[in-house]
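> First, the structure itself, so that you have it in front of you.
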Amino acid sequence: MMELRYNPLTDEWVIVSAATQKRPVQPSKTECPICVGGLELPEEYDLVTFENRYPSLKKDPPPVNWKEKGPFRKEESRGVCEVVVYTSDHNTALPGMPLKQIEKLVEMWVDRTRDLSQHDFVKYIFIFENRGKEVGASLPHPHGQIYAFPFLPKRIEVKIGAMRKWYEEKRKCPICEVLESEGEERKVYETEHFLALVPFYARFPYEVHIYPKRHVSTLLEFSKEEKKEFAKVLKVVTAKYDKLFDQEFPYMMMFFQAPFNEEDVSHFFHFHVEFNPPKRDRDKLKWMASVETGTWAFINPVVPEEAARQLRETEVEI
């Protein structure tokens, strides 16, 4: 079964996809489906993207034969789910990859965003990586994913609504104002075009955001120099995590950009990246439990300024 079901209690869509139950879980290198010679990639490759074998959304989803019954609504789960394999090296990750390889990865993200946005049914393109079994990564081989949604996910609607409200009241993008107001205490790493910081409003311990200093709303607006610097910042932030905690530090990396084939919100929506780590120190997990899940009221046990200091003072080689 694969379909969308509407929740009238929260005004959001839920994706029902039984196919995701079949995904492999933490296979060894010899059984890895995305190593060279594996099930998905039998030929040599550098980096590659392909449609997920176990998708939540499909370009040609099965039809939904359903008549609306009271509050119960269903729709076809039309969309795209892609896997992005960063490298053929099973034993590396963003912190250890050559900078040139990450630059090529950024170009691939841009290309896939451009191509997927051409589909009329695509409303939102979400690029992400789950690193580590602590956040549910099913494959240890370095990879991420891209979901092209046929609707605006709820948190995206909330972000757009909040940024719109701020812009209407202040006549300024909220992230642009954050960039103008930030000092040194929450800074993690800075370049000419980007600032990586633990935000004043961090929800997770050691949460890091990456903000372009220039107001851009999607990856498609990045200049050549910005794309190169973006690759560098991604490498530095992830390397700082690994070195500070002396381990392959788990995280959820998420790219937030403006919607496509929807209302133009580019004047107030500022592209940004969020790293949400599931750990509150080297050996302890920060559980997203009842309060966070049920109310979206997050309790952060690590003071953002202290987390930023630790990450800022962790020196890494690029």
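Quick reminder: no glycine exception, Cβ is built from N, Cα and C everywhere.
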> Given that Swiss-Prot annotates C32, C35, H141 as Zn(2+)-binding, name the residue from H90, H193 that shares the site.
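Given C32, C35, H141 bind Zn(2+) in Swiss-Prot, the matching entry from H90, H193 is H90.
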> Given a separation of at least six residues and a C-beta threshold under 8 Å, show me what packs close to Q145 (UDP-alpha-D-glucose binding site) in the same chain.
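Looking at Cβ-Cβ distances below 8 Å from Q145 (UDP-alpha-D-glucose binding site), excluding near sequence neighbours, one finds N52, C81, E82, V83, V84, I127, F128, E129, N130.
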> Using a 10 Å radius around its CB, how many other CB atoms surround H143 (active site, tele-UMP-histidine intermediate)?
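A count of 21.
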> Run through the Cβ atoms and count how many others sit within 10 Å of the one on H141 (Zn(2+) binding site).
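Total other Cβ atoms inside 10 Å, all chains included: 22.
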> List the Cα distance (Å, whole number) between H143 (active site, tele-UMP-histidine intermediate) and C32 (Zn(2+) binding site).
12
